[in-house]
Each structure stands twice: as structure tokens, then as C-alpha cells.
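The block underneath contains the structure these notes are about, expressed in C-alpha cells.
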Amino acid sequence: MSESNLKGRKVVLHDMCLRDGMHAKREQISVEQMVKVATALDDAGIPYLQVTHGAGLGGNSLQHGFALASNEEYIAAVASRMKQAKVSVLLIPGLGTMRELQAAYDAGARSVHVATHCTEADTAPQHIAFARKLGMDTTGFLMMSHLNDAAGIAQQGKLMESYGAQTVYVTDSAGYMLPADVTARVRALREVLNPETEIGFHGHHNLGMGIANSIAAIEAGATRIDGSVAGLGAGAGNTPLEVFAAVCERMGIETGVDLFKLMDVAEDVIVPMMDHMVRVDRESLTLGFAGVYSTFLLHAKRAAERFGVPARDILVELGRKKMIGGQEDMIQDTAMTMARERGVSAA
């Protein structure tokens, strides 16, 4: 992956720290903090930034936690301050509704990731079609993409495209993939999608591979890359966007962002907001090693405290069971069963 074969390639960066970062903050980011971060990202030239509850539209719930404000309040506050960046949202069919997407659009959102499990694209046609009807930049987002092979991802991506998705994402929700895994899936998509349909990659840094995987995605044909300034996100965080931007600049990949401003946002704005340093630790490394949905990290830690079973053991078991997003309630059940089998008394 030398400068020569990627020099001049144009890539669109999409920041996730105000949506995926909500997971790391237990959904506790204030409207004022949202605006402060978003305006700084806008000034640094980030073209897209995602603003919602960590679980997206409809995410405020007992299962996923309650944020400090509604999605509409967050979106409206941020969108009204943007000079060039577009605000995006996450929508998981079955959790978020078309009514909530309309409300997000009315508040100022202009882009949407319509997210399904990597084998369930057929749950998204109505939501994708509605997003297109609204005139939104519309992405089909295939979560936990490591659980489907390249041919399967291509098939699911073609479905997303047929519903109206303008971009299809390979989404490494568990931070499990290695560069060869990403390359195979992106190439398979590029072979079947129409030339005008873009391909994106969303990585997590649980194995420390976020940047390498994103570069592999670009080399295979991706033109959109998700990341998070200072890596603020679920698990060990998303691909750290300021580091990725620096690598792109070294390689001659054109992102259109101001690297030094992005570095300053990470150091001066995001890091002071962190409740804990988002890094590859024992548990987040286990997420990547075992292929577990990154959002499960804090849920597993809470279950470990309650039932006296190490979080790492719980995560390995969740990986063995191939648990996916939306099954958060099963984490407590799994930990309780493991504690019973081990004869451990709950706290």
C-alpha cells in the first residue's frame, strides 16, 4: 500500500464521535457538548458527522439507555450551527421508525445510515425508500459484516442498492476483521454494485486494525470511511480519525480536512470529555478477538460486577453464541447462567 497506487484518491470522511461516542459516554453527552464538538469538526472540514443516541433513532429506552436530550434536540442544535458539514443519523429498522426519520430530517439531518445485520438487508426497503423520498444521502449499513462471507455481503449489498441505497457499507462492528477480510468484502461489492454506487467502511479499533483496514478498504474501492476523532466510540473506539487523516496525507489520499485542526479537536475537545480513556484494554481486545458487537462492552462490564463472572469470559461466551446488536438483554442472562454453572453468588 504505497503512495504510488493511492495518491490522488479522494475519500469522504464521516465522523462518528457524536453517535458511536455516545456508547463510551453511556449516552451522557449534553447538547452544549454536542454543539462544541460539531462546530469544531465543521471548522476542520469534516463533511459528514453523525448525531444521535448511540443506538440511533428510537434508541432512548430502558434497554439502550436514556440520553440527556432527544435526538431531535441534538440534531436541531447541531445542524443550525453547521457551515459546511452535513448531519447524519443512524436508523436501525425495528428500533427507529420512518416517523422518527421524518422528525430527524425536519430537525436538519440530511444523511442516514440505514443499518441491518449483515444477513438481514431485506428488513430495510421501506426505510431506504423513505430516506430517498426525503432527498437524504442514503447508506445501506451492513453491521457485523464478519459474520457473512464476501459473496453474502455482495448479495446483501445488491439488495440495499435495489432498495435505493446510494452507498453500501462494510461494517466491522466487532473490530474483528483483518485487512484481507475487508479487501475481500469490498471487492465483492465493487464487482456487483453499479459504478455510481459508493462503498464505505466502518471500523472499530479492538484489534488495533482500524486504520489498516480502512486503507485496505480504499485500495479495494471504498470512497467513504467512518471514524471518530480521538477514537471516541464503542469498544476500543472507532478508527481514530485524526490518525487516519494523517496516514492519508502521508499516502497522498485526499480527504479535504485540515489535519492540524482535527488533531486539536481530538486533544483539546474530545479527550477532556472522556469518562475513561478509550483504548485497547483486556475487554475491548476480547471483543475483537471473539468477534463481539462493540456496544456490548459496558453491558458486559456491568454484568460482571453484578454476577461475579469476569467480563472477558462473558464476552467470549457472547462471541461463541454469535450474539448480535439488539440482544443486549441476553448479556445479563448469559452472565447469570455462567455464574450459576460456576457456583458464584451474585453481588
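Glycine residues also receive a Cβ, built from the backbone N, Cα and C atoms like all the rest.
Positions annotated as domain 'Pyruvate carboxyltransferase' by Swiss-Prot: 11-263. According to Swiss-Prot, the feature site 'Transition state stabilizer' maps to Arg19, an assignment based on sequence analysis. Positions annotated as substrate binding site by Swiss-Prot, on the basis of sequence analysis: Arg19, Asp20, Ser173, His202, Tyr293. Per Swiss-Prot, Mn(2+) binding site is recorded for Asp20, His202, His204. Per Swiss-Prot, the feature active site, proton acceptor maps to His23.
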Residue pair Ser173 (substrate binding site), the residue listed as 'active site, proton acceptor' - Cα distance, angstrom, rounded: 13
Additional residues around Mn(2+), ordered along the sequence, whose Cβ is within 8 Å of the centroid of Asp20, His202, His204: Met16, Thr171, Asp172, Ser173, Gly175, Gly203, Asp226, Ser228, Gly233, Ala234, Asn238, Thr239, Ser294
Distant-in-sequence Cβ neighbours of His23 (active site, proton acceptor), under 8 Å, six or more positions away: Gly54, Gly233, Ala234, Ser294, Thr295, Leu297, Leu298
Rounded Cα separation (Å) that holds between Arg19 (site 'Transition state stabilizer') and His204 (Mn(2+) binding site): 14
His204 (Mn(2+) binding site) in three-state DSSP notation: strand
Those recorded positions listed as Arg19, His202, His204, and which of them has the most Cβ atoms within 10 Å of its own Cβ: His204
Residues that sit under 8 angstroms from Asp20 (substrate binding site) by C-beta distance, when 6+ apart in the chain: Gln50, Gly54, Ser228, Leu232, Gly233, Ala234, Gly237, Asn238
Predicted model, mean pLDDT over the domain 'Pyruvate carboxyltransferase' (11-263): 98
